[in-house]
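For reference, the structure is listed below as structure tokens.
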Amino acid sequence: MGNGITKNPCFSGDPYAAAVASDPLPDDSHGHSFTYVPSSAAAFDHSPRSAAASSETSYFSLSGAAISANPATSASMPSFRLYNELTWPPSTACTFESSRSFAAAPLIQAAPPRLSMSGPLHATSGRFSEASGSASTASDRFSDHPFMDGMLDRASSASSTARLMPSFSHLMSEPRVAQSGLSNERSLIRSLVRVASKLRFGVPLSGRRSNGPAEPTTKSDGDYRSTPKGNVEWAQGMAGEDRFHVAVSEEHGWVFVGIYDGFNGPDATDYLFANLYVAVHRELKGVLWDDIQGVDVVTDNLPDPALANATHLCFLDAGGVGGGGDDDPDAERKAKRGRIERNADDDGASSVHRDVLKALARALARTEEAFFAAAEERAAQSPELGLVGSCVLVMLMKGKDVYLMNVGDSRAVLARRREPDFKDIFFRPDQDLQLLKAEVMRELEAHDRNGLQCVQLTPEHSAAAEEEVRRIRSQHLTDRQAVVNGRVKGKLSVTRAFGAGYLKQPKWNDRLLEAFKVDYIGAEPYISCTPSLRHHRISSNDRFLVLSSDGLYQYFTNKEVVDQVAMFTAEQPDGDPAKHLVGELVLRAARKAGMDCRRLLEIPHGDRRNYHDDVSIIVMSFEGRIWRSSV
């Protein structure tokens, strides 16, 4: 697998050079996995003022993997199709490219026989290390993984036949070549701005409806924190109809992750890939990139540690923000007043967190507005553009603050170590000392046995959620078929999505062929692009965060995902937990179909969608309060 290094703006002589796709993955590849560990000196800190007041520093490690089930499809709009061809190699269902700080490997089917491992699991410290009590009883099947081990040597030639490395630790022990040369002087965002401008993919700026390209308002627009030499490491890929990208600035202490799970074609996901990252950056300029000083999280002195952590969780359903749709007629008024629904009675999120969440919502709303404006120009020739859509999951981490935005059924699941609960033990009157000791021991044993807790940070916008069904039916009282057979109008399982205009405006439905039309009653939208937003403050109990498209949860519960990552990383702390999850998904899909995984992987793309979906997974590890990589 190549990397397209010389073709990427981070390494080319032209700072505004368009990004070009890397060489395609090997023909026998089913997807890709990748890892990223910050340099040993990198610390994701807060503002200087807060850093001086606290010795806590955030470190993280990132693991990702994606597998495709759907074949590659062509975009409907010529400009979309051109961008698709510029970005992704033709006739490939999956591809990946990145800056050189990411270690990556294709998912290639492992050759039998596979030797079984034996012996008990032992908790081991490392990048992704936290043994879970319930996970320790799970199947020890690491050696039965359906894919080959090893990482690509990114220092080798950029051909798709680059040699496999036996261990990720070997790569990380080499000099970090990405910290030198032109990679420190170029920014991925500039290439996206440039390509978007050429292909009329611009996002209208605030207060302006634009049918043409949206150029940066200043030379610094589109560059991180207005610095001409922002050091940004990045990765991007596709798997069937899924798209994802990751951007990391160690210098300024932030991470951006976007996962876009498309349906009915690639136009919406490719548009999101080209535009949402740029739009988020523009909206956050002056809010986060300029790093407003001296703003700390409001925390009350609460007696219960679990409750104290809950005060760092704030939730805002962004109706009316940035001109988007509305679930609640009072939502815009509430948003203007800055009201935030919290998990505990607290003073509310600080203004900076509220502003970041609003900025994310505005970026998404304006990106969808621009998407429909561009699609409108080709609606007569390509009415099927009214069908295409995508789920959206965005994570932005700045220091210890994690901001999440989701539309659809992709998930962000947090793994957290629960604190032992002694409050019902120590405060009993006339407690016998021996009995007290016994109950303390039982609580500690239960704590170890229960292992990690899983917390789903993003709500699910699908017809499986009763509150979403009630919302849609309340908005369409005269339509008894608003939600039928677990789908909106019998067509779409998600209740919120980017695009999918045929369920938002009657005109898009009217343009479709009769076979694709729905019985659109009235003028109100059936689905919306109103995102759910959440801010979470990383605590000493938080271990890792799993971001993924919904295909992962076709075969896993939230708890099973957390336990699988914990079990795998306890045994293989230098391993790739996201790749392990993909391998376990293939094993479960094959078992359900009554076949072995080799036979499943031989099924062509398209037909394989009957067994599993496209899946994109990002696992981020925060090893406690102060976490350092083992490098």
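Positions of Cβ are set from backbone N, Cα and C atoms, glycine also.
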Please state which member of Asp550, Asp563, Asp574, Asp576 Swiss-Prot lists alongside Asp261, Asp613 for binding Mn(2+) 2.
Asp550
Among Asp261, Asp550, Asp613, which are binding-site residues, the residue with the most C-beta atoms within 10 angstroms of its C-beta:
Asp261
Gly262 (Mn(2+) 1 binding site): tally of other CB atoms within 10 A of its CB:
29
Cα separation, Asp613 (Mn(2+) 2 binding site) to Gly262 (Mn(2+) 1 binding site) (Å, whole number):
11
Using the recorded Mn(2+) 2 site (Asp261, Asp550, Asp613) as reference, state which further residues of the same chain have their Cβ within 8 Å of the centre of those residues' Cβ atoms, listed in sequence order.
Asp242, Cys391, Asp409, Ser410, Ser549, Gly551, Leu552, Gln554, Asp614, Val615
For Asp550 (Mn(2+) 2 binding site), the three-state class that DSSP assigns:
helix
